[in-house]
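Have a look at the structure below before the remarks.
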Amino acid sequence: MKLNENDLAQKILSEEEILAQKEELRLKKEQELADSLAKLPKGFRFDAKRKIDEKNPPIIIDVANRLDSIKYFKLSDVAQSIQYIKMQNLPDTSISNNMLYKYHMTDKYIVASNIYGIHLFTKNGKYQNTIIKNSWSGMKYEKKKDWINFYFSNFGAIAAGITVWSQGDNLYYSYQNTYTGQNYIMEVDCSKELVALNTTFEPENQRKIMGMGKLSVDLNHGHDRPFKARHPNGMNTFKRENYYDKINIFSPDKNTYLSQFNYGKDMLQIFNTRGETLSSFKKLEQLKNFKQRGFRMFDRGNSYELNGNYFFRTNYNDTIFKVIPPNIIQPKYVFHLGNHKVSIQNAMNSSFDLTGKITPYEWADAKYYIFMSFIKDNNLCPNSKQDKSVKLHYAIYDKQNESLQFIKYNPTDYTVNVLQNDIDGGFSVWPKSYMINRKGEIMIALSGEDIKKKVSSDEFKNSTAPAVNKQKLTELAANCKNDDQVLMLVK
Amino acid sequence: MHYSFKIILRLILKKPVLSIINFTGFTIGILASLLIYLWVYDQSTFEKFHSDYNRIYRVLTLSKQGEDIIKSAASYQPIAETMKKDYPQIEAATYLYGSSEDSPLQFENGKKIEARKFYTNTDFFRIFDGFEFLEGNAENAFKHKSNIVLSEKVARKLFGNSPALGKKIVSDKYSENIYTVSAVLKIPRNTHIDFGYLLSEDNLSLHHSTNSWRDSYWIRTYIKLSANAEIDSLFLNRISNHVSRYSNRTDKLMFQPLSEIHLHSDYTTNMLDNKISNYKYVVIFSALALLILIMVILNFTILSTVSYSEQAKEIGIQKVNGAKRHSLLLQFMMNSFLQTFVAAFFAIALAFVLLPKFNQLTGQQLQINLSMQLITYLFLLIVFTAITAGLYPSIYLSKLNPVQILKAKNYNGGNIGLMNLLIVIQFAIAIFSISVSGVFMKQFHFITTKDLGINHSNMLVVPTGLWYDSNSFKNELLQNPNILSASASTYAPMYGGFRSNFVIDNNGAKDSIQAVILHVDDEFAKNYELKLTKGKFLNMNYSTYWEEMKKKSDDHTFSFPVVINESAEKLLGFEDPIGQRIGDNEIVGVVKDFHFKSLHHRIEPLVLMNSPENIMTMNIRVSKHKRKESIAFIRDTYKKHREDREFSFQFFDDLLKAEYRNENHLKNTTKAFTILSIIISILGMLGIAGFVVRQKTKEIGIRKTNGAKTYEIIQMLNLKFLKWVIVAFILACPIAWYVMNIWLQNFAYKTELNWWVFALSGIIAIGIAIITVSWQSWRTAKRNPVESLRYE
C-alpha cells in the first residue's frame, strides 16, 4: 500500500492547474460575453448562426442503412454495475412522498425534485437540505395513473419547476409565484453552508421568495403579472414522465437564458438577463398552408442538459444541436433517415399515411452509448398502440466504435423493458434523456414498493444474474419501506 | 573447569578496583540496554493487539491548501463506505467522527460527566477487534440506533463497579437523547484511539453530515484489506484517486499502516490523534544505549587485557605446565561471562528499583514483565556483551608465547595503541553525549522561555462550553478583585484554530488565501496584551452579530468584523488593510504577530473573529498572590452557570509545558544517559590511568630522585592522555553538530548551534580526564621515590 508522496503531490498540482485553467477560461468567456452584452444598443440582435464545429463535425446516425443490423442486447452489454442509493426520507413529514423524484447529480450532491419541491442529498442518499418546498393549489397528482392534473379554476403556485441544472457548485431552478406573478431563475451556491430554509409565510411581504438561493434572472424583467387562467374552468393533464421531460427555461451561463418552442416558426430564442432577445432561430422546416384543425403531435423533439450545455432537437427534425450563447447552434448529431424521413407537414397531417416512415423519439446521451428509439409506421398514440399499428424501434449508438445497432425487441411491445437486467436480475433499463448524470451514468427512479414487487416476481427469481447481486437487491427490498425512494445508478 | 573458576575468582579478588570498574560498567551498560529495550518494545507494541493489525491502514489525505500540499489524517466521511463498496480488496472500512469538545452523559439523577463522543459504523468492531469487550459484544453493539458503547473509564465514572449493560444514559447537549448501554470496551494504553463513548453513525445528525465530501477535520478513516488482497499498481492508482472520483476535489489518498501511526506520523495531528510519538526518539535512545554498551565492552576489553598482561607470568607457567590454548581461552571467556551474568542480575534488580524514576523521565508507564521475549533479549544481551567483551583478551592472551613471557623480566603486554583507541572512543562518545544533551537543554530553554508575543503569566484556562452564556460568566468573574482580566475564545491560544479559505478581492483581482481562524471575544486582545498595530480590536456585541447572521441567511450584504495578524496582512498585500474585505468579513484591525501554537509551528496568517457559537473556553488572568482563592471563586461562579458539569482548569504555562512534553522527556533522558556515559568514561580512564601509572612507577621514582616536582610528574602523565581526549573531541564535534542540526529541523523556531556548546563539552571532557589522571598520578607522585624504586 505504499504510494509515492511526491508523485501524488505533483498529480494534485497538475490537476489543480487544469481545473484553474478551465475555470479561468470559463470566467473569461463569461466576462467577455457579459461585457459585450452590456455594450449592446437596445434592440440589438445577433445573427443567428448554425455553425458546424470543424474539429468535431456532427455525427451521422445512419438509421436508413442500419435498420437491418439487429442484435440482442442485455444490460451487461452496456453497463458494468448497478448501485442503489436509498434516499433518506425528508425530515419535513408534511411533504408528500408519493411521487418518484426526478434526479440531477452535481459533483457533490444528488438533487431530487418533484412537484412537491427540490431537495439536496449527499451522494450516498443522506438528506442535506430542502431548496424549496412547493406550495400548490389546483394541482393533483394521481399516483395510480402516474399523472398530474392542473385545474385552472383554483390554480395557484409558489413553487419551483421540476427541472434543475447546475454549473460547478451553482444550482439553478425556475421559481414562480402565480399570486404575485414573480417568475425567476434562482441560483444556489452549494459550495457555501446552506442555512435551513425559512418557509414562514409573511403576509406583509408576499413577494418573499420561498426558496433558497438568490435571484439570477427575473424572467418578467420587472413586469410581474399575477396568473389568470384563460379558461378558468379548464384543466390540463400530463403524464409524470412527460412533465419531467420538459425543459421550459434554461440558462447556459450567468448572462443569458433560452427558451425552446415547438409551436410557431421559431424553435429557439436566446435572451440576455434584461429579457432582450439576443438571437432567434427559425425552424428549417416550416408548415405551409397547414389549415387542418386536427393535427398530430407525436414528436415533441428532445431537449437535455449535459455538463451545463443545452442540447435540443425540434419536433420532426433530424438534427440535435448544441447551444452556444449568444447566437450559435452547432449540429452535433444528424439522423440519416433516407426514404423513411417524414416532413413536418406530413407528420402533422393526420390523414397522411405514415407507413414506412420513421420519426426520432427518445434520446439519452450517456458516457459511452447513446440510447435512442424511433417511431415507425404510424402516429404514437393510444389508438395505434392498441391496434399495434405503430412500431417502436430501439437502437444504441456506440460512441467509441461509432456504430449504430438496432436492438432485437418486439416493436409492438410498448412496455419499454428493453435491456434485460442480467447484472442483478432487477429492473430492465431504458434511459430517459433527463436521467443521465454528469458522468454519463443512467439514473432510474424507483420506490421501495417497486423493488419489493420486483424481487418477488418470477422474472427476478428465474433470472440467471449473479446470485450475490440478486441477494443485494433482495436485501435492499427487505430494508425498504414501500414509500422509500431509491435511485438506481447504472454504471 | 573448577580450576579455571578458582583462577578467575582469585584474579577478581586480587584486583578489586579493576573488578569493581568492570562490574559497575557491565551493570550500567546492561541496565541502560534493558531500560531502553523496555521502552522501545513498548513503543513497538502500539496497535499490535488487534489480530490483523498488519492488514489495517489509516487513510491519509494529501490536499492543496493555499500554495502547499498538506498531508493529514483527516478524511471525508463517505470514504469508508464508498471504498468498501468499490474495492473487493477492502474487507472492512470504518471511520471515527469526533467533535471539538466533550459531550455530557448522565445516569438517572447521578453526576453529569463529560466524555469524548465519536460516531462510527459497525465495521469498527471488525477492524479493531483487539478492544476487549468487558460487557456486551460486537454483534449487539449497534443493533439499535440508540445503543451506546462506553469506554471502561466512562463506565466506571458513571456506574462505579456496577454493571453498565442495558442501563439508560441521557445526553443533553443540543437536544436530549436517551441511549442504552450495549457494551463496555477496554481501551489499552498502547493505542492512538481514545474515546469516551461510541454511537452508531445512524445517529449522525443532518448537521454533521452536511457537505460530506468537504468536512474532514474531525474524521479518521481506517480500512482493513482482505487476507489475500491483490495489491497492484492499478489498484493503488485507483484508490489514491478515490476522492476525485466522487467529487471535484483533487485530493489524493495515502495509506498508513496502523502499527506505524504511533511513531511514523509525519504530519500535523490534532486532538483526535493520541499518544503520537516520533521514531527519531527511539533511534536516539537506542543509539545512546548502544553507545553505552560499546563503552562498557571496550572498558572491559582493554582493562581485562591490561590486567591479564600483569598476570602474564602466571599464564606462561600455565602454558608450560601443559595448559592448552582452548582451555585458557575458555578461562578468559568464563571470566567475561561470569562478570556479565552477575552484573546482569544486579542490573535487573536495579531496573526494578529505578523503573519508576525512568518512567518519570521518559513520560512512559513501562513495566517489567519477565516474559519469554524479555528473557531471550536479556540472554542474548548477556551473551553478546560477554563474548564481545571477552573475545579480544581471550584470543590475545591465549596465543602468547610462554618462552617470551617468562624470559621478559616484566612483561608489558598491554597494547598501548588499543588503550589510546579506547580513550578516543570513550571520550568521543562522552563528548557527543554532553554536546547533544547541551543542545537539547538549550533548545528546551529556548522554547520554554521565548516571548510568545502574549502575556500568559497567571493565566488560567477554563473549558466552559458556555457559548452564549460566556459573557455573563465573564462579567461575574470580573466582579472579584483577584480576577484581573478575562476573555473568551474557542481554545486557549496554544491549540491554534481552524484553517479556512478566504476569498479576497485585491483591486479587482480575485484570489483566495488560507488562514487560521480563532474565535475570540472583544476582551481577548486586552487580556493577552496583544499589540495592535493598525485599526482597532473587535468590539462587536452579540446582538450585532445576530443581526449580521440574519442578513446572511436572507442573502443580503453582511459583514463580520475581523482582526488579522501581521502575517495575514503581509499575505493579503493590501496597502491599507483596514476596511478591506476577506470573504464575508471586514478587516478592522491588525495585531502584531504572536504565537498561537507551540514553537514547533511557524506563525501562520491568523484571523480573529467573534462568534458566540464557537466560544468554549474562558481565559482568566488571576492575581499572582491569590491563586487559590481565585480558583475557588471561579469554580463557585462556574457552578452557578453549569451545575452539572465538572469544573476543570489549567494554567496556560502548564499547557505550554505539555506541548513540549516530548522534548522535556528527551532532555531528561539524554541528561541521564550523558551522566552514565561520563561515569563509564571516568571508570575507563581510571582503569587505564592506573595501569599506566603502575607501569611508570619506576620512571616516576627516578624522575623524583632527579628532582622532578610532583606537578611536573602530573603534567607529564596528563599530557599523555590529553592528546587523545583532544582527538576524541575533534571526532565527536562534527558528528554531534550534524545530528543536532537534523534534530533542530523539527522546530520552526530553534536555538542557535553555538560553538561554545561543543567547546564546553570538550572542556568538561578534558576536565574529567585531567581530574581522573591527576588523581592517579598525584597518588603515585606523592609516594616516596624509595618505595617506587623498590616496587619492581
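Placement of Cβ uses the backbone N, Cα and C atoms for every residue, glycine included.
Nobody curates TrEMBL annotations by hand; they come from automatic prediction.
Record features, source TrEMBL:
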- B:19-232: domain 'MacB-like periplasmic core' (DOMAIN)
- B:20-40: transmembrane segment (TRANSMEM)
- B:281-308: transmembrane segment (TRANSMEM)
- B:287-402: domain 'ABC3 transporter permease C-terminal' (DOMAIN)
- B:328-354: transmembrane segment (TRANSMEM)
- B:374-397: transmembrane segment (TRANSMEM)
- B:418-441: transmembrane segment (TRANSMEM)
- B:672-785: domain 'ABC3 transporter permease C-terminal' (DOMAIN)
- B:672-693: transmembrane segment (TRANSMEM)
- B:721-743: transmembrane segment (TRANSMEM)
- B:755-775: transmembrane segment (TRANSMEM)
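Secondary structure counts, DSSP: the domain 'ABC3 transporter permease C-terminal' (B:672-785) has 96 helix, 0 strand, 18 coil. Long-range contacts of the transmembrane segment (B:374-397) within its own chain (CB-CB distance under 8 A, at least 6 residues past either end) are made by residues 26, 29-30, 33-34, 37-38, 41, 293, 296-297, 300-301, 304-305, 308-309, 312, 315, 328-329, 332-333, 335-337, 339-341, 344, 348, 368, 413, 415. Counting residues 6+ beyond its ends, the transmembrane segment (B:20-40) has Cβ neighbours under 8 Å at 282, 285-286, 288-290, 292-293, 295-297, 299-300, 303-304, 339-340, 342-344, 346-348, 350-351, 354-355, 358, 362, 364, 366-368, 374, 377-378, 381-382, 385, 389, 673, 676, 679-680, 683-684, 686-687 in the same chain.
Listed by sequence, the residues of this chain that lie at least six past the ends of the transmembrane segment (B:721-743) yet keep a Cβ under 8 A from its Cβ atoms are 280, 284, 420, 423-432, 435-436, 439, 685, 688-689, 753, 758, 761-762, 765-766, 769-770, 773. Under 8 Å from some Cβ of the transmembrane segment (B:755-775) lie the Cβ atoms of residues 423, 427, 430-431, 434-435, 438-439, 442, 678, 681-682, 685-686, 689, 714, 717-718, 721-722, 725-726, 728-729, 732-733, 736-737, all in the same chain and six or more residues away from its ends. Counted with DSSP, the domain 'ABC3 transporter permease C-terminal' (B:287-402) comes out as 99 helix, 0 strand, 17 coil.
Across the domain 'ABC3 transporter permease C-terminal' (B:672-785), the model assigns an average pLDDT of 83.
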